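Pulled from Swiss-Prot, these are the features on record:
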TOPO_DOM  1-63  topological domain 'Lumenal'
TRANSMEM  64-84  transmembrane segment
TOPO_DOM  85-91  topological domain 'Cytoplasmic'
TRANSMEM  92-112  transmembrane segment
TOPO_DOM  113-173  topological domain 'Lumenal'
TRANSMEM  174-194  transmembrane segment
TOPO_DOM  195-205  topological domain 'Cytoplasmic'
TRANSMEM  206-226  transmembrane segment
TOPO_DOM  227-261  topological domain 'Lumenal'
TRANSMEM  262-282  transmembrane segment
TRANSMEM  285-305  transmembrane segment
TOPO_DOM  306-354  topological domain 'Lumenal'
TRANSMEM  355-375  transmembrane segment
TRANSMEM  378-398  transmembrane segment
TOPO_DOM  399-423  topological domain 'Lumenal'
TRANSMEM  424-444  transmembrane segment
TOPO_DOM  445-470  topological domain 'Cytoplasmic'
TRANSMEM  471-491  transmembrane segment
TOPO_DOM  492-527  topological domain 'Lumenal'
TRANSMEM  528-548  transmembrane segment
TOPO_DOM  549-889  topological domain 'Cytoplasmic'
REGION    606-627  region 'Disordered'
Amino acid sequence: MTFTINNTNSTVFDSTNNENMTISEPVQPVSKGPKGITFSGETFIVPETHDMVKTLFDPTVKKSNFELIILSCLFSNLLVFLIPNNQIRIYIFIALYIFWRLSYNFGIGWLLQNQSNHNLLVSWSQKYHLFDPENKGALAQSIQNEIKSQRGENYDIKSMPVEFNTWLIFRKFVDLILMSDFITFCCVVYCSAIKDDYQFINNQSFWLVYSRIVLGSGLILFNLWVKVNAHNTIKDYAWYWGDFFFRQINNEELIFDGVFEMVPHPMYSVGYVGYYGFALIAKSYVVLAIAIFGHFLQMIFLHYIENPHIDKIYGPSKNEINLIKILKLKDLKNFDNLKPLVGLTNFNWMRASDIVNLVLSLTYGIIIPLFANSIKSLFILTVGMKLFESISINLSLTLQSYFKIVTKWSLSNDIPVEKSFSNWAVLYNSLINLTYSSLFGMNLGYFLQKSGSGSSSGGLLFSDWFYLRVFLGLLLIYTQFWINFSIIDSIGYFGWFYGDFFIPKSQSSIKNITTAGVYRYLNNPEQIFGVCGVMGIFLIYPTVENFVCVGLWVVNNFIRINFIEKSHMVKLYGEQEVNRDSGVTKTVKKHLLPEVIQRRMSNDEAYTRVNGTTHERRRRRSSNLHGNSVADSLDNFIRDLRNSSTKLSQQKLIELSQNLSFANSDYKLTIDGLKMQSTESDELKYTTIGTPVTVSWTSPTENHSVRDWIGLYKIVQTSYSRNKTILSSAGRWTWCKEPKGSFIFDKEKLFWEEGVYEFRYHLDGKHDVAYISEPFEIKSIELKVPEFKEDAIKFAENLKLEIFDKVIKLTDINEAISPIANQSDNVIEVYKLISSMISKSTKINITYKIFLNQGDDDLLSIKDVAIKLINIKHVLEELSYNITDKKDV
């Protein structure tokens with residue numbers, strides 16, 4: 001329930017489906033109300049609906065048949081309290097809660113997923129005519145009676161779309177599960193609290209009991225505010241997953257308002273803090289455990305059910321997706337086109353700096369603690385390493401910001417600024433790794449020495465609530481990891497490594513700071529959450545040493561963000577751009593501050609904007625990111641045989657393809673335009689990758705069916721089946737509507753890889769084989785890379801003719817590649833295909849990333865590619881031990 005719709009009379013159209021949607025007149029004339037549209041294009045006025053609390057518990061609202069059943073189910077939980085043994089009651093309510101929670105996440109989840117992908121619920125309604133007044137079946141009548149009991153006797157079921165009526169019934173199913181889930185959880189809380197003579201108020205000091213109750217109640221009230229605010233924002237339509245069934249018109253994108261502007265997915269994140277408030281009040285690890293269990297299942301539900309549907313309905317278009325892919329890959333151009341090491345993530349064994357980082361991390365995190373004599377020495381090492389990292393990084397960033405010392409040194413030594421930035425990223429990450437490895441090593445040493453002495457709690461500032469401390473500590477550590485990855489996802493590796501300090505702004509495609517991702521909610525998410533993992537370690541091991549480390553991490557983080565990064569970002573983007581309110585700030589001002597204070601703050605902000613002295617805020621600039629199968633092995637084996645001294649004859653390949661079995665058949669397939677390897681008759685015919693293949697067919701007129709069809713296959717995948725094709729053609733097929741005809745296989749109808757292939761004629765829309773063509777080979781064209789750049793134009797023309805023209809259409813060798821390639825459904829796959837064809841044709845291996853690291857003004861042309869290949873050849877020849885022995889890279 002995270003669809004953030006602006007109001008009930010608006011929603012979002014899927015840009016991929018709009019062109020196929022036709023809008024008809026409303027089926028029910030209603031004077032007022034939001035307008036809805038089904039996925040088939042039928043429009044209607046959406047009647048008013050009420051939330052589940054009002055419909056179930058408001059005595060002034062008439063109850064429908066299903067609602068009475070739901071209330072009966074809810075009150076039936078009271079029967080469990082007739083059992084005198086409280087422990088048995090706890091077990092029963094836990095079992096009931098697990099049942100309803102699984103029904104929610106996997107029952108409702110399954111229905112919604114299939115409704116989203118296959119329109120399942122609506123199809124059921126149509127299949128069984130559930131809303132047809134003429135259907136007198138028991139199920140249909142009960143469903144229709146339920147609809148009328150909800151909407152009133154005057155409600156015309158047939159005049160409303162089946163999608164809306166199906167949604168009304170689905171809502172009751174949701175009400176039953178959600179309310180039962182919550183009620184059984186509350187029963188677990190109550191039974192756990194009164195266990196052992198009301199243990200939740202016993203065996204603790206007076207102030208601690210009241211602190212728990214007050215804090216827990218605060219969490220519950222905050223949870224209630226989140227739910228109410230969310231419902232007021234998204235209304236019943238999104239609360240009950242309405243856009244799985246139909247859409248509401250006039251809302252073009254997701255709206256971030258209210259609590260949805262405060263945190264991502266509030267219904268699933270902060271929308272469950274009340275569960276932990278109940279656990280705190282009940283003073284029960286059992287309640288805490290089932291709260292974690294329920295919350296975890298909700299996050300799975302969000303990830304696998306809601307997010308895919310949100311992306312499908314509200315997500316970016318194909319062009320936007322292609323752009324995002326390209327920009328994320330462009331972010332790597334400063335790091336040699338490889339994801340840089342962040343911590344130990346993106347580790348690459350072929351990168352020396354990664355191996356050094358791993359060795360140092362293991363040394364400081366494990367080896368040194370194993371041989372250390374005292375915790376004091378480990379503490380000194382950790383503090384020293386943190387001070388060294390803080391001073392060196394902060395000083396380097398300050399000098400670079402004000403004096404550009406790194407850039408000046410790099411340019412004076414003819415080192416590209418991108419390379420100097422890459423070196424800085426390695427240094428920065430290495431120092432960060434050393435500080436966290438030292439911190440981990442200090443705590444490992446503490447654990448080993450205390451375990452060896454037989455005392456596990458000695459030296460701790462407090463030792464109570466161990467399991468709670470571990471849970472909260474691990475939660476804080478996880479939060480830091482999540483925040484860090486969210487930051488990288490929003491601003492890229494460029495922003496993570498302070499790219500604004502090293503790369504000129506004029507060389508970037510983005511001129512403004514990002515307000516996407518986690519930065520939508522917080523201006524500086526790393527201000528606190530960037531070091532909350534250290535706080536988590538302190539909670540788990542609350543020692544003086546860890547407390548000092550927390551102070552060091554927090555102070556350094558505060559100084560770096562507020563006194564170094566902030567001033568640099570203001571210089572780049574200006575104070576007004578940097579100091580805009582975050583989502584959390586806006587929400588607090590709008591919902592939690594009195595109106596008088598809001599007006600006063602608005603006046604102050606207007607004054608400070610005029611005078612250019614807004615409060616401090618900073619954000620890094622975004623870099624505009626928001627085993628081969630057995631058959632393939634056989635194919636490679638055939639190719640290897642062909643290239644070996646023992647040639648595989650055409651006759652043997654024909655036998656392998658079983659073409660001879662159809663020599664006397666009345667059906668015929670002939671392939672036009674194939675070339676001969678040589679004048680020898682036993683050589684296999686071939687064509688080149690991407691070249692269209694024309695196949696002609698002849699079939700007996702009396703036996704011909706318009707559903708006869710031809711498919712293209714690898715012979716190594718079909719050689720075991722002569723009379724029936726079991727393998728899918730994967731779209732490489734065409735109908736044979738006439739007894740005689742021809743068809744050109746090109747583009748997606750072709751295989752774009754080397755191998756030996758055949759065409760198969762199938763009968764009457766089935767997979768029965770009537771004829772198998774002669775085998776033919778698809779292989780790469782051979783292109784020789786010239787020695788000199790003077791020949792680049794002629795070489796580029798060959799590349800255009802033999803490779804590029806088969807994939808994308810360019811007018812000449814000087815036309816930019818990217819604008820044409822970006823028009824495809826998957827630009828990355830296009831680049832991969834072109835780079836693969838070039839590699840096989842020229843025997844110089846390149847990757848698709850060559851098209852992402854483009855030339856001047858980001859307009860890489862075929863001529864530029866030709867020059868790059870010539871340069872690569874020169875480098876390879878110079879590195880070869882024998883200049884006559886050309887290397888295949």
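Quick reminder: no glycine exception, Cβ is built from N, Cα and C everywhere.
From a predicted model like this one, the values you see are computed outputs, not experimental measurements.
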In contact by Cβ distance (the transmembrane segment (92-112), the transmembrane segment (174-194); 3 or more pairs under 8 Å):
yes
Contact set, same chain, for the topological domain 'Lumenal' (399-423): CB under 8 Å, 6 or more residues outside the stretch:
333-336, 340, 497, 499, 501-504, 564, 567-568, 571
Per the 3+ Cβ pairs under 8 Å rule, pairs at least 6 apart in sequence, do the transmembrane segment (92-112) and the transmembrane segment (262-282) touch?
no
DSSP-derived helix, strand and coil totals, residue by residue, for the topological domain 'Lumenal' (399-423):
20 helix, 0 strand, 5 coil
Based on DSSP, tally up the residues of the topological domain 'Lumenal' (113-173) by helix, strand and coil.
43 helix, 0 strand, 18 coil
Close approaches to the transmembrane segment (424-444) from elsewhere in its chain (Cβ under 8 angstroms; 6 or more beyond its ends):
334-335, 340-344, 353, 356-357, 360-366, 368-369, 375, 378-379, 381-382, 385-386, 388-389, 392-393, 396, 406, 493, 497-498, 502, 534, 537, 541, 545-546, 549
Integer mean pLDDT for the topological domain 'Lumenal' (1-63):
61
Counting only residues 6+ away from its ends, which parts of the chain sit with a Cβ under 8 Å from the topological domain 'Cytoplasmic' (195-205)?
86-87, 90, 212, 281-284
Report the DSSP secondary-structure composition of the topological domain 'Lumenal' (306-354) as helix, strand and coil residue counts.
30 helix, 2 strand, 17 coil
Looking only at the topological domain 'Cytoplasmic' (85-91), what are its DSSP counts of helix, strand and coil residues?
6 helix, 0 strand, 1 coil
Hey, which bits of the same chain come close to the topological domain 'Cytoplasmic' (85-91), Cβ under 8 Å, at least six residues off its ends?
187-188, 191-192, 194-195, 286
Counting each residue once, how many in the topological domain 'Cytoplasmic' (195-205) are helix, strand and coil under DSSP?
7 helix, 0 strand, 4 coil
